[in-house]
Amino acid sequence: MSANEDQEMELEALRSIYEGDESFRELSPVSFQYRIGENGDPKAFLIEISWTETYPQTPPIISMNAFFNNTISSAVKQSILAKLQEAVEVNLGTAMTYTLFEYAKDNKDQFMENHQPVNSTIPISGIISVETPNTAPSSKKKEKKEQLSKAQKRKLADKTDHKGELPRGWNWVDVVKHLSKTGSKEDE
């Protein structure tokens with residue numbers, strides 16, 4: 001079997017196994033995420049597995065860079081990835097995405113035993129100083145929105161339907177009236 005046939009078979013199997021499982025997400029036909037642990041669990045983490053063109057003969061790409069994992073220290077992430085990499089070596093040449101997800105589920109407590117939530121918030125001042133160009137902030141004035149009077153708002157509301165949209169043809173010109181006002185060249 002070619003790598004593509006193996007991948008197609010594994011994709012079908014994953015879709016049927018994880019159908020209705022809220023922890024599983026298919027990002028693309030070759031990339032999958034699985035949340036290990038329940039929502040709200042401080043030791044929950046997200047694993048992303050992406051297949052290479054020659055997978056399963058070559059290892060998949062395993063990542064924990066999802067924003068969901070931002071409270072996990074890089075040391076714990078590296079430890080989890082190292083253990084998953086060992087499982088990859090054992091299963092090389094076979095469909096292993098399901099195996100890796102299940103391995104992570106079975107060993108979640110062991111993987112996260114050294115986990116201490118990391119406060120990864122960056123001070124807002126740090127962000128502003130990084131993104132602010134060297135121009136004076138007062139050089140740009142905010143544009144004011146055009147304010148409508150109550151009468152203008154009522155008039156606008158009378159023209160619109162219940163969704164706030166103008167009806168079709170609200171700005172059409174009555175051709176006969178227009179021509180009678182402007183006078184056509186045929187009359188001359």
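Glycine residues also receive a Cβ, built from the backbone N, Cα and C atoms like all the rest.
Any TrEMBL annotation is an automated prediction that lacks curation.
Keep in mind that what you see is a predicted model, and the values were worked out from it rather than measured.
Annotated features in TrEMBL:
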DOMAIN    9-111  domain 'RWD'
REGION    129-167  region 'Disordered'
COMPBIAS  155-166  compositional bias 'Basic and acidic residues'
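With DSSP classes pooled into helix, strand and coil, the tally for the domain 'RWD' (9-111) is 44 helix, 20 strand, 39 coil. Per-residue confidence over the domain 'RWD' (9-111) averages 89 (mean pLDDT, predicted model).
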